[in-house]
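Asks: Below are the structure tokens for one structure; questions will follow.
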6 protein chains.
Amino acid sequence: MRPSGRKLSEMRPISIEVGVMKHAEGSCLIKMGETHVLCSATIEDKAPPFLKNTGLGWVTAEYGMLPRATNSRTRREAAAGKQSGRTQEIQRLIGRSLRAGVDRSALGERQIVIDCDVIQADGGTRCASITGGWVALKLAVDKLLKAGVIVSDPMIDHVAAVSCGIYAGQPVLDLDYAEDSTAGTDGNFILTGRGRMIEVQMSAEGATFSREEMGELLDLAEAGCTALVQAQKAALGL
Amino acid sequence: MRPSGRKLSEMRPISIEVGVMKHAEGSCLIKMGETHVLCSATIEDKAPPFLKNTGLGWVTAEYGMLPRATNSRTRREAAAGKQSGRTQEIQRLIGRSLRAGVDRSALGERQIVIDCDVIQADGGTRCASITGGWVALKLAVDKLLKAGVIVSDPMIDHVAAVSCGIYAGQPVLDLDYAEDSTAGTDGNFILTGRGRMIEVQMSAEGATFSREEMGELLDLAEAGCTALVQAQKAALGL
Amino acid sequence: MRPSGRKLSEMRPISIEVGVMKHAEGSCLIKMGETHVLCSATIEDKAPPFLKNTGLGWVTAEYGMLPRATNSRTRREAAAGKQSGRTQEIQRLIGRSLRAGVDRSALGERQIVIDCDVIQADGGTRCASITGGWVALKLAVDKLLKAGVIVSDPMIDHVAAVSCGIYAGQPVLDLDYAEDSTAGTDGNFILTGRGRMIEVQMSAEGATFSREEMGELLDLAEAGCTALVQAQKAALGL
Amino acid sequence: MRPSGRKLSEMRPISIEVGVMKHAEGSCLIKMGETHVLCSATIEDKAPPFLKNTGLGWVTAEYGMLPRATNSRTRREAAAGKQSGRTQEIQRLIGRSLRAGVDRSALGERQIVIDCDVIQADGGTRCASITGGWVALKLAVDKLLKAGVIVSDPMIDHVAAVSCGIYAGQPVLDLDYAEDSTAGTDGNFILTGRGRMIEVQMSAEGATFSREEMGELLDLAEAGCTALVQAQKAALGL
Amino acid sequence: MRPSGRKLSEMRPISIEVGVMKHAEGSCLIKMGETHVLCSATIEDKAPPFLKNTGLGWVTAEYGMLPRATNSRTRREAAAGKQSGRTQEIQRLIGRSLRAGVDRSALGERQIVIDCDVIQADGGTRCASITGGWVALKLAVDKLLKAGVIVSDPMIDHVAAVSCGIYAGQPVLDLDYAEDSTAGTDGNFILTGRGRMIEVQMSAEGATFSREEMGELLDLAEAGCTALVQAQKAALGL
Amino acid sequence: MRPSGRKLSEMRPISIEVGVMKHAEGSCLIKMGETHVLCSATIEDKAPPFLKNTGLGWVTAEYGMLPRATNSRTRREAAAGKQSGRTQEIQRLIGRSLRAGVDRSALGERQIVIDCDVIQADGGTRCASITGGWVALKLAVDKLLKAGVIVSDPMIDHVAAVSCGIYAGQPVLDLDYAEDSTAGTDGNFILTGRGRMIEVQMSAEGATFSREEMGELLDLAEAGCTALVQAQKAALGL
């Protein structure tokens, strides 16, 4: 029995609202249950220095959390003077995952920065950031296409992410905080719209898992990402 | 003629929605036109060290802005490794202003932290933070009263803030970004519900102003704060 | 009755000694009673990047305090690894105020840096920094004029600053530390030689004030700045 | 054909020399071909604050690389003023993996710090750090047991790690730098002596992979970790 | 021929004015020609943690330089966010040297902090800081003795410092900036009032020196420190 | 009697193994008894900016210590966020000393970075770094000569360093940690192959010394450096 009463393979309600930040080239507010993340995309004319004269573009991400997005207040990273190791790990993951869905040659020598800011946290913030970040990215790229700045569409496929884990001995989909904080094994699964895998991160803090369990979680993840891709399409009117 | 077509003494539409962050002891989303600020209040059991054994409480504030709250992306302060001088100046002002409306003896030896995070910016973010921050503070204090943690109400009076300035030679109320970025003289006015002044900051970047002009801006500010206090009351059902 | 025995409208003795730092393009040691500040001006050939090709110059300021300028030793900011919010707020104010007295077009694309270092503190260090900083700035600009580097004088008017406050229920001029640390309301007033206002900052830590009180403080400030401008002229032999 | 001429499932020569740092409670120099890592274990009497009065111990890790461990010199992180996101991600992984092999209750309220410093890098430094770090940890724990500080052995099982990836379209074991820098998909696999999984991290920078490929890499990883556990036993004389 | 016209063994005019900072427990302004350093002593009730329960006191020093103490402006270390290697090296030397003149047992478990701030620099600032720092220290210790806080005098002997070097092939005493910046070999010599050596630092940037030259510089240094100790006595009325 | 049983003028066994880091242009592992330091040389095509268009090259050094090189673990400087004052002082000394042995004009406008990383510490790490660093530097320069990048040999002479001190009242050569931590006076002596002095640093923490003692230590240092230069030659096959 899950704390929320959900079935083992039941996701939380998904909501993706686009165009919520008037200044951004693309934006959305994604809600996975009580986890809410604001995602925005910024187009920059220049690619990072290491890509100079390669003809290739770049997609990168930054991640943050409002101090009171969490149950007890988290110290503001700007006040602490640095981003935590956790934050850096997450934003590197978001950027890497989104790049897997982009033809960087078609994008050309420019950079798109995806900002993911957690307004309210209830588990799965990095997965929500990837799923929502893709929507913001898609909107920004569409703007470039419509303006004729680029001519061929660099978006190869959807990118979506979901967490799964072993909770109370059973494989469950889309962990919320109550589950995430006690699960022995959990993982993040980033998949494309066609079901190919981009990144799989399974981790057992103080425990271990078998290949069979790994297979069960992958099955759940594939179902979850299919639903997320549907939500992305619906939000974008595709 | 103002860029927005507003009359000289016309404020932007005010909207204050309470209870928007489920983890916080008090929260609201305040909108002054296109300026949107999320305000939350966190109650901490301990007062800062310098108040130890004084019986007095403390109210402090932190301020932040999402990178793409602005027209062009602003570098994330957590990534830059420090809060800018501007950010520190603003959060010191918010804290100082809110403390002027609180009987710190009635609050007792605890601290309330007000987080103000700008989701979208169009001028006047510090004033919106103060006005919204007061609502979050009030909700948190009411929670303490209801729980019987404190017995006498430490809230002395409303605190609200508005900016005024000389735009195109004329005194105007509640500057938006288009006005703020070109006004020769502008100021922030923090007033109580009874119209007493808490803080007046008038500044002329590369210009100067007379006492007469100062008086006109004060007249506008008094009218503006009266409207803001009404909006605070409406949001709280007072 | 003021702790120093001064009358309500009586300033502390003013002393401005010029030419005290042999390497600087302009310098002075300003003493407002026991508050002593060393001010120097450095001419830099280049303006900041954001002014490139605008034809406009810049005046900026940095502020510091010797660790034992204060009654109990203050931690050295260089050792702490950053400038405090208070320091940044003050140096932004000094720069902004001095720029209001300069025709940046006549100055041309160069920068003058004003360093204000408090050797001994007894209240009013930011005001003394502005008044003394103007003298250092004036000396540096005169050097540019004499050398023919610039041809028309960019100095529009004197800039001087004084603090006033409500001490023991009465409006007083030029607060020293004993008054400043207990005044409910105090403010900093930056005026030009012709009595125009550049910046007014009134603040009531844990208190409030009326428009009538504000008027009384302005009257005091105008008298104080008139005296300070006289001292600037005397120091410079104008 | 692999750059080194190795067969697809062939590991590099493994060498683990123990007792190489005279001050450490446990240490070894592990070599996976041309990748050399010095691992040391330090026993600290106190557990981290969050474990106070829980009876549980902690194992943590720090990771570093000599500036010229790499082909071109890498900037020293101490000089840069911070550990990179990559470094933090790696040391979090090492600590998490080693904790999965430890009964923290049997360890008691103390901390063991594993330092992994890369002397020479040729791919797979994080995996070598985990495999060698486990040896240093084991030696330190044996010292505690021999001294009677703890009475029941907290070491549950071996922990070993290896990387696998898709290189030139074929699954290969134990990637060296030449392979690692061009592989479309690669992963790190951390397993126990009994073949249970602790952590699986598969990542496709700018590419994707199928479940079938994932299965093939897991097969390779199981074989690789079996060999590594043998090397650990040989080095320790078990 | 020296740039200043001084004889090889001629020092610059020495001036030591005591009591220049009203808040400090001891202070002086030392001038070695155009090198001016403000030195203050602060008594702290607690010794550093590593001396807890040893009965021993500590003397430490911090060193700084006003941005425009030098010919071209030096970036403010507080703005740069850290003290340079040079600053740290100098303040460690000042503290170490002064401790050699103090019986730390007689001082008892307290700390005296010596702040040396260079107001104007023309070579030899670290030596002037030591010589002047000793005067400030002596004044602070005398205050402790007079107040009966300590009963036996912890001051063992004077401590004074001077620089010497090989300029244009000849040994010279008390180098000014013009000499210091071109001397192939120079050194700092810290001696006691009785002529014992505390620290000798000789350095040849891009050159070398012989034992004979070293002996000549030591002769000069002994003469120089004798003169400095006389000046310390005169300033203190000993 | 020395803790190690060595005679007063007896050095620890010296071992210098070259070519230990495959990526570096020059490298060695130097052992002075139980003090082990890895030294590498990196050739960079560009000299530092301040040498632009001077035709002169530069040699600089960085120094580090593995956390468990010492008896109790030392905090990692990369984690602490900065290099300590001690580290900066040491690396400045290494760079300065090595430059004294190089004709920077013959080197041409390039930079050689010497990294000295202490693997195990037992006193005298900075001296071992200089002696070993010179070997790495020599190997890198030979590579430049052999490749014809430079045509005349910039190596003027050997550079070697040794510590001496007064231990238990007697002058001793090459202090180990047991001696170093209790010696009243000790010093570092950096000499050339011909016995000329580059740097002499004598320091008496809480004590003083005479010129006679200084002479005795210099005699020991000359003998020690002669032995070190022999070891450098042997390691390089000169």
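Glycine is no exception: its Cβ is also placed from the backbone N, Cα and C atoms.
Quick caveat, the model's predicted, so the values are computed rather than measured.
Residues or ranges marked as domain 'Exoribonuclease phosphorolytic' in TrEMBL: E:10-140, E:159-223. If you look up TrEMBL, you'll see E:R86, E:G124, E:T125, E:R126 marked as phosphate binding site.
Structural setting of the listed features?
Replies: Around the Cβ of E:R86 (phosphate binding site), the same chain contributes no residue under 8 angstroms that is 6 or more positions distant in sequence. In the three-state DSSP assignment, the secondary structure recorded for E:R86 (phosphate binding site) is helix.
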Asks: For the domain 'Exoribonuclease phosphorolytic' (E:10-140), report the average pLDDT of the model, please.
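Replies: Across the domain 'Exoribonuclease phosphorolytic' (E:10-140), the average pLDDT comes out at 96.
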Asks: Other residues with Cβ within 8 Å of the Cβ centroid of E:R86, E:G124, E:T125, E:R126 at the phosphate site?
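Replies: Apart from the listed residues, the neighbours are E:Y63, E:I90, E:V118, E:A121, E:G123, E:C127, E:A128, E:S129.
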Asks: Per DSSP, E:G124 (phosphate binding site) is which: helix, strand or coil?
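Replies: Its secondary structure by DSSP: coil.
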Asks: Would you measure the largest Cα separation among E:R86, E:G124, E:T125, E:R126 for the phosphate site and round it to whole Å?
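Replies: The widest Cα-Cα gap among those binding residues is 13 Å.
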Asks: Restricting to the same chain and to sequence separations of six or more, state which residues have a Cβ under 8 Å from that of E:T125 (phosphate binding site).
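Replies: Non-local contacts for E:T125 (phosphate binding site): E:T35, E:V37, E:M65, E:I90, E:V118.
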Asks: Can you break down the domain 'Exoribonuclease phosphorolytic' (E:10-140) into helix, strand and coil residue counts using DSSP?
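Replies: DSSP classes over the domain 'Exoribonuclease phosphorolytic' (E:10-140) add up to 45 helix, 41 strand, 45 coil.
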